[in-house]
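**Student:** OK, TrEMBL features for this one:
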TRANSMEM  27-45  transmembrane segment
DOMAIN    28-554  domain 'Major facilitator superfamily (MFS) profile'
TRANSMEM  65-83  transmembrane segment
TRANSMEM  95-114  transmembrane segment
TRANSMEM  120-144  transmembrane segment
TRANSMEM  156-174  transmembrane segment
TRANSMEM  186-206  transmembrane segment
TRANSMEM  227-246  transmembrane segment
TRANSMEM  258-275  transmembrane segment
TRANSMEM  296-317  transmembrane segment
TRANSMEM  527-545  transmembrane segment
Amino acid sequence: MALDDKDYPRVLHLEDLPHGYYRSVKFIASIAGVCLMAISLYLGFVLPANTLSIINEDIGPDPNYVLISTAYTLVSGVGLLLVGRLGDVLGRRYFLIGGQTIGFVGALVCGRAQNIPTLIGGSVLTGLAAANQLTFTFVVSELVPNKYRPIVNSGLFVAVLPFAAFGPLIAELFVKNTAQRWRWNYYLNVISCGLSALLFLFFYFPPGYSQLQRNVSRWEQVKKMDYVGFVLYSGGLVLVMLGLLWGGNSYPWDSSHVIATLVVGFVSLVAFVLYEVFAHPEQPLLPTKILKNKNYLAVSVASCVGTMIYFSMNVLWPQEIAVLYPSDAVEAGWLAVSLAYPYGLYTCTDDVVHRRLWRRPRRDPVWRVDEAARACAMAVVWRDRVHDGVHGRDGIGQPAPAVFTFLGGLGVGCQEMVSIIMSALVCDPQDIGLASGLLGSLKQVSGTIATAIYVSILQGRIKQELAPTVTAAALNAGLPESDMPALLKAVTAGASTALESVPHMTAQIAAAVGDALQTAYSRSFQTVYLAGIAFGGVATIAAFLTRSIDDRMTSEVARKLRHIDSDGSLAGVESNAAAAAAAKQEKETC
């Protein structure tokens, strides 16, 4: 029997859906909108993250340029938990439309930015949009039977594969072959956000507030939301992130600025957990049933640690390529693909390669070990490279680190797909947004924290290694000691033409300085990879604690799109105006 729109909330099954439901114009157009939304997510992070140094050279230099990526991931991580929870309670339609509209504006601001602060501000807006865009997996998952979620999610990642896998190469091709260079990274996002917003506006009609909540007005429901918890959560995360970013860079780690910020931030996060557990808010941001779900916690820890490695490498690997493997833009893009391609490849082929992988989560530790092994191997690569005095293309060359990066990306892609499927199935159907939103929020924030830690370690080591290494090499090559301040200033600026402004600079001295610069960065990256080994170990332990979800792989459907008749393949176009009018009336009455 077909299920009428007014029958929410109740448990749905595949046989309850109208004939032709999955062939209807509304369903297909909604999926197309979600695919474009997912593409916007990758356009907003992967492409800009791989051209940060180019952006800084073009409209900088500004030492705060790393905040372009950090602001994006932090804002999206903080916002995702709220978006997921509110979507469960109020409905998702207007969140997706509004989020993509904000993304449209933010990408436009970034694309037209003339300085780094403006670009950081635009990244805050695209980060807000990403809080919605990160819902793309469970927005689709809740519309299909549980047993088909793995293959549907794999199919969804096929749409984003060109940008998830080849995003670095696309970004470099834009830089080399277009007049607007890196700005096209953002212009593509403008197009994607705009198109998806229109598709959501005209075709996406998930259960609205009147179907999800009975006998409670929208305003009463909003008043019940856990604003105290959200302030404690978001405030604590922002303060912790500021402390991590300041430490070793703007201020010493033992300065009052860093210590006070970190202490207050961690206290706020502890207070958030205590408030959720003991204050019992009417509509908790983090229900205690989530904290008591051991399977969910194990999946979350394994997934978050994998994300910490992937996000950090998206920022650090392009810097390694630029400094240690000087090449043209296209070659640099191909090297960067060694991280993104295996990640994207595995997420869209998971159902084919391991059709029963989501039923056997204990295979996941193999991939967690792979990431730890990759971190060790990369550290050994750079250590041997430093000890042998070999740099760039003359020694172990590009293939070895690219191979280890490929293996790491493959491991992260595996755990990403497994965690997406498991997190939504180990919790109640009505909490799919909460469970997936919390996991996504934790992943974004953990990735931001890891990036801040890695960048802090890298910059701290560079400060220790750069001046003595470069100075010694320049003096040995014949540069007068009086020119050292100008040389260090030029090297710190990072511009490829900066050395030309140094007095008495010759080609021989410039070559010696270039080798010394690579040596300093090699030693610095070695330290970063050694620090990353611990993350793989934690994820491996957490993965062993996960349990099977065989009993959840059923024909149950969490939610159904409204205004689709039994002849769903034709009803979509004819009822658009009526559906929009009904949605408007519902919004006014509630």
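Each Cβ is built from the backbone N, Cα and C atoms, and glycine gets one as well.
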**Student:** Looking at 65-83, 120-144, 156-174, which one has the highest count of Cβ pairs under 8 angstroms to the transmembrane segment (95-114)?
**Tutor:** 120-144
**Student:** Please indicate, using numbers and ranges, the residues of the same chain that are 6 or more beyond the transmembrane segment (27-45) and have a C-beta under 8 Å from a C-beta there.
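**Tutor:** Beyond its ends, the transmembrane segment (27-45) has Cβ neighbours at 21, 69, 72-73, 96, 100, 103, 107, 126-127, 129-130, 132-134, 136, 139-140, 143, 156-157, 159-160, 163-164, 167, 185-186, 188-189, 192-193, 195-196, 199-200, 202-204, 314, 561, 564, 568, 572.
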**Student:** Honestly, do the transmembrane segment (227-246) and the transmembrane segment (65-83) touch, with at least three Cβ pairs under 8 Å and pairs 6 or more apart in sequence?
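**Tutor:** Between the transmembrane segment (65-83) and the transmembrane segment (227-246), which are separate recorded stretches, there is contact, as judged by 3 or more close Cβ pairs.
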**Student:** Counting Cβ pairs under 8 Å to the transmembrane segment (186-206), which of 120-144, 156-174, 258-275, 527-545 comes out on top?
**Tutor:** 120-144
**Student:** How does the model score the domain 'Major facilitator superfamily (MFS) profile' (28-554) in terms of mean pLDDT?
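**Tutor:** On average, pLDDT over the domain 'Major facilitator superfamily (MFS) profile' (28-554) sits at 79.
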**Student:** Using Cβ atoms and a strict cutoff of less than 8 Å, what residues sit near the transmembrane segment (65-83) while being 6 or more residues removed from its termini?
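**Tutor:** Those are 44-45, 48-49, 52, 55-56, 95, 99, 116, 119-120, 123-124, 126-135, 230, 233-234, 237-238, 241, 245, 285-286, 311, 314-315, 433, 437-438, 440-445, 447-448, 451-452, 455, in sequence order.
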**Student:** So what's near the transmembrane segment (120-144) in sequence-distant terms, Cβ-Cβ under 8 Å and 6+ beyond its ends?
**Tutor:** 22, 27, 30-31, 34-35, 37-38, 40-41, 44-45, 48, 64, 67-69, 71-80, 82-84, 87, 92, 95-96, 98-100, 102-111, 113, 152-153, 156, 186, 189, 193, 206, 420-421, 424, 429, 432-433, 436-437, 440, 444, 557-561
